[in-house]
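Trainee: Starting off with a structure, shown below.
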Amino acid sequence: MERVHLTAWLALFLIVVANATPTPARTPTGCPADCTCSLSQHTHKPLYHLKCNSTRGLRLTEKTFQSTVPVHSIDLSHLNLTRLSHLLDKLPELTSADLSHNQLKDLGHLGKGLKRLNLKHNQLTSDKLRKLPQHLQVLNLQHNNITHLPLELTHMHQLHQLELSHNAINCSCQTLEVRNWLVERIVYMEHPVVCSYPLEFRGRSWLQLKQDEICKKEKYQWFDTEENELMMGDQPAAVSAEREDEEELGKDFLPIVGNPAATAKKVRSPQIPLPSDQVEGSGDLSETNMELKLPEETVAEPEAAESQLVDAAASPSVLEEHIVKDEDEDDEGSGSGGGLLIIPDPSKVKITSEDDIDSDGKPEESDVRPLENPENSENPDTVFSNKIGIYEGDQEEKKPVEEDNIVPVVMTNLDTGLESDVVTDGPLDSSKESEDILTAKIGKPKDDSSAIYYLLAVIGLIVVGLVLFVAIKRCKYDSNAAARDAEAQRQTELLDMDKKQLGKPLHKNGHGNGQEHSPLIGEKTKLDEAQIVKKPYENGEAKDGAGQQPLLNGNGSANGGTKEAPETGEPAAHEYYPITPRYPTPQSPRASKYAQQQQLAEQNNNEPDGAYLPSSPKSGRYSPVYSPETGRVKIKLTETPKPKTPMLVTRSKSNAGDIITTPVRPIEPTHQVINGH
């Protein structure tokens, strides 16, 4: 029984282990021959990676490769492939291909869905890069035969990684244009690109070169080369053409009996075939056929000169058409130089005997005579006078057609500003740049315009900030003007005196509890020490009547004296105490001097009790316009009464209309002596 349980537990353990261990993916039944299909790692869904040892299996597959798990990558490296045809078209879901370490010279057709492509260690040239898919994201082109970068690379808008090292890169103006696009798109390069050409920049990174400098240098180098050729007096292409003409003419004229193919060259001045000669535009090849048949008739019997002249005269129209064509080609500046070389030798041209034979000046007979008379071919003057396009007589008047629009463009410099009339693939508008160039050049003007706009925006923000700063400072300055004005800090309009309050005691001065709502005397400040305050009167001289009332502005009694406190310390019911400063005021010697002399020497308003009034504003408790003791009251000079010393007065009007002001005499209490004892 125990053995049965042990076997059951062992079987259960094996089942659990088998389920927990990941089994390798099966090779699909439809996997191509010579290929291994494996499950890719680090993918969200199952995808197959195809590793092939040859392309035989993919070529034998007639239809699209189908399997339950799609194939997203393939490895065809180290197979010595020279060309890749439509093999990758059979894998529609392919996104990555490794074609490295082959001998590929042409890519063929690649899938449009490719995202990653490895082409290092191949033999690809720059022209083959135009066939690359435009949706590539990662491209490796190391160790190839790439010399420059075509503008078609700027169409790969999804490209974010590119490798171009170990290539003989020519850092030309066009290549640097593509470089600017790559830098603008922030395309990552692990290995730097080193320039191989121009020679003066060999070994330098292409990031160190400026496109404007290279473009200008290429243009200047071309102009310098053209000037040097002009200074030499000849152009290489024209000189070589003239020498070849002389050699060909010598070969044609030296042999008396030659084959028709050799004699056919005399009809047309031999030179390098031009595009205008190859494609005439008329579509008629009859002239070419007649040109080939003409030597057969003239060279049939080389010894019979007279018969050949008759045959040549019998068909003048054929020769006339060809001569006109040859003359047009020479006049178009093809570079043969035949006309320019014959002009200095008119005498030598007239020596020939063919001119005397043909009285009408027909060039056909003169063109045929050198073949009949080999003795005349030895004279170089005779050869050049009749074979390079210089005709005597009135042959120029017999031009049946004029083809001035056909201009040879062999010597046209494509880098100069000259317009070209040659049509290669289709109609080209020289005033418009191609879309590739516009796409590649759109980066730099955009950067310049955006930089200008950013600069203007920054300047505008600075100006607006300065204006706001000045405005805020100005507002703060205006708002603090009142705070800086000492007289304008606490402005309170002085109201008219309420005469109903006069005569009331202090504790009933308009308030039931005898307390002021706000203190009339503020805190002592530094200005208090600067005020000139009269020294208090002596105790014996300070006599304040019991019925005298203080002023409402808090300046105390009229004479500025203080009430002597009773000895018992208990004030009488009818006594009041004027408001005195909280802190002792400094005594001035001048104030004390005036206080001692005012009782004897002065009388105010003819009153005997005028001693209680100060003789001078400086000696009494004079309240100026602004005082720390009355800081919250502002009195204007035009509103202050005369005399300025506050006192209790009575005003009356005389018969003459004058106002008479009389100070009220203080009432001396009768009980003051009793309380003193």
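Glycine residues also receive a Cβ, built from the backbone N, Cα and C atoms like all the rest.
Grabbed the feature section from Swiss-Prot, which reads as follows:
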COMPBIAS  347-372  compositional bias 'Basic and acidic residues'
COMPBIAS  374-385  compositional bias 'Polar residues'
COMPBIAS  595-607  compositional bias 'Low complexity'
CARBOHYD  Asn53  N-linked glycosylation site
CARBOHYD  Asn80  N-linked glycosylation site
CARBOHYD  Asn145  N-linked glycosylation site
CARBOHYD  Asn170  N-linked glycosylation site
REGION    264-285  region 'Disordered'
REGION    298-317  region 'Disordered'
REGION    325-385  region 'Disordered'
REGION    502-523  region 'Disordered'
REGION    539-677  region 'Disordered'
REPEAT    158-183  repeat 'LRR 4'
TOPO_DOM  21-451  topological domain 'Extracellular'
Trainee: Which of Asn80, Asn145, Asn170 has the fewest nearby Cβ atoms, counting only those within 10 Å, among these glycosylation sites?
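Mentor: The glycosylation sites Asn80, Asn145, Asn170 were compared, and Asn80 has the fewest Cβ atoms within 10 Å.
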Trainee: To the nearest Å, how far is the Cα of Asn53 (N-linked glycosylation site) from the Cα of Asn80 (N-linked glycosylation site)?
Mentor: 11
Trainee: With helix taken as DSSP H, G or I, strand as E or B and everything else coil, how many residues of the repeat 'LRR 4' (158-183) land in each class?
Mentor: 11 helix, 5 strand, 10 coil
Trainee: Is it possible to get the count of other C-beta atoms within 10 angstroms of the C-beta of Asn53 (N-linked glycosylation site)?
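Mentor: Other Cβ atoms within 10 Å of Asn53 (N-linked glycosylation site): 14.
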Trainee: Could you give the Cα-Cα distance between Asn145 (N-linked glycosylation site) and Asn170 (N-linked glycosylation site), in whole Å?
Mentor: 11
